[in-house]
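Trainee: Just lifted these from TrEMBL, have a look:
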BINDING   209, 386  ATP binding site
BINDING   528, 529, 530  acetyl-CoA binding site
DOMAIN    444-603  domain 'N-acetyltransferase'
């Protein structure tokens, strides 16, 4: 195809896109790609004379900034915005006619997923680069010993040629693939305004938004309730929640509603506040607002006050409703906690979104509601706001980034399963098998993003293992080779430096301070997943056992993993013989959990080093749970402490034992005996040789109150118990521990003779 024909077809397709509300995309790969961009934009301006334009780039790269500046000068009479890729989420609620992505310096799937969805129907997406496989920033982070694959880029380029609405300029060749398909129209019927104000319904752009607006009123009925809103990106989920809040502001009530909004960042919840403002203005309701980093952080009206809080703050705040945007990305442990402590919660999460799949998350919510007898309403939204349903660029995006990968399985298929390495070259050339393998990871985990697929594909140190039948994979594991560090990297790590890869050696060296571990070689399990229908049947443990055996055969020293601390996940690893060796001193602000590292040692040297690391971790936890890990859930702390297997003999002086006994006998309140109780509890948790334990919930009461020092009310809220349950649980546990170790009970006499505590006298060093 020659250039003139290419431009003629592109022009015709842009006009058709404007008429039918779909998007087109141009991909340019050649040395003078920037000149071609200007030519394509000129063509678009002949059709749409007043477009809005957004340009994505890395402003800290001199050449990239210069390219942006030149284009801005050419387009100074038009609405032109530039977006730093690292801050692209700031723009997620906006839409543009032209989206330009500078891929000269970096090609990163997450950026593609975010920026492409900013383009509205009738618009044009332009991606330009000199060489997609060249010297790119994200690609360079995947390097291992100077090597990196191009499997991801090859598939990305192939997918551009498989979809309609795509126009390619590759070197001197041109290819036009105009969209010829049909589009689905959003039903035009209006939703009856039963609960929400009619003026609010007028702001809804789709029937899905209208139905969601009415459905949200489920939360206002009496009792403990949750609403979950799930939808692909660009359906107006956050916007309709903002409209719902505006509608609540129009209803008279005796006291003002107190609502909190949280998300990984304040930018993630910006649409809620912006659409609440639109709703209030449509209703003519007076309001005041505050801003933080140029984003609305609170809105106050006569009958409702809405404020943004960071995820951590939701544990301790008290209000009527908590709204969690991008809920799946905050993790199951976080959602478990806030649904226990809050009476009413609204959770918004994205299906097929760059911040993580919500399939596993939705399944968890349903199971949680059933187990707790929690009233849960799930609202699903399908119709896009920015473009027509069936838009060809959305289809390409989902296929190219595998945002909609789902495994096809049925439980009856699997009589025999086979363990083997999955050749990546074969996998990425076979879309059906790739969708099956990656789909298992996406649907089994609630945290995935497009970057993960590129790391898996291009990392030469990343490999895959699978359990499969003759037809399908049922379990998939992604492994990363780590360790074997040279002296330069060992010194870099011990002195606080960072480098890509080798996550587990880096954490152990930095926090345990033993450089020797970095010389050992091992496998980090990046992901392990089983199809949902076959979960909880031992397949994960079985494939893990086979991986450890294979690692042993290959002469590796260890197998480990790093993940966000979640009770179920932690129990799985510990059950399979993996030992906790590190917990991050900081909670992951975006995901809400403490990252954990576990290791199963194989070599004798690894056994020694892991033993030391687990001891250091246990000591750190028991000594700093009141400080560094104060916000860690007592359940996570309990699993970590008991999972380390480290032991220390702890002696409690008779004076402190008598204080504990006085507490048991009721002659001394908890506060007066707290020092003795603390010593006894430390003895209990350091003792890994005992063949008995108090109840798990009692251990959590002890950790929350005695070791972390949380207020009674906080312990009750965090562990979903009332004050009497906590005090009774602590009393019962202390009584049993005291009796088990020292044979002291409620019938034992009080009082200590001086001869019983000579060691204290000796330690006083009195003159």
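The backbone N, Cα and C atoms fix where each Cβ goes, glycine too.
Each of the listed features needs to be described in terms of its position in the shown structure.
Mentor: All protein chains considered, the CB of residue 386 (ATP binding site) has 23 other CB atoms within 10 Å.
Take the CB of residue 528 (acetyl-CoA binding site) and look out to 10 A: across all protein chains shown you find 26 other CB atoms.
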Trainee: Reported as an integer number of Å, what is the Cα distance between residue 386 (ATP binding site) and residue 529 (acetyl-CoA binding site)?
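Mentor: If we compare the Cα positions of residue 386 (ATP binding site) and residue 529 (acetyl-CoA binding site), the gap is 34 Å.
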Trainee: Between residue 209 (ATP binding site) and residue 529 (acetyl-CoA binding site), what is the CA-CA distance rounded to a whole number of Å?
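Mentor: On Cα coordinates alone, these residues lie 34 Å apart.
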Trainee: Counting all other Cβ atoms within 10 Å across every protein chain shown, which of the binding-site residues 209, 530 scores highest?
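Mentor: Sorting the candidates by Cβ neighbours within 10 Å, the top entry is 530.
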Trainee: What other residues of this chain sit with their CB within 8 A of the center of the CB atoms of 528, 529, 530, the recorded acetyl-CoA site?
Mentor: 440, 441, 444, 475, 476, 477, 527, 539, 540, 543
Trainee: Three states by DSSP: which one describes residue 530 (acetyl-CoA binding site)?
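Mentor: In three-state terms, residue 530 (acetyl-CoA binding site) counts as strand.
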Trainee: On the three-state reduction of DSSP, what should I expect for residue 386 (ATP binding site)?
Mentor: coil
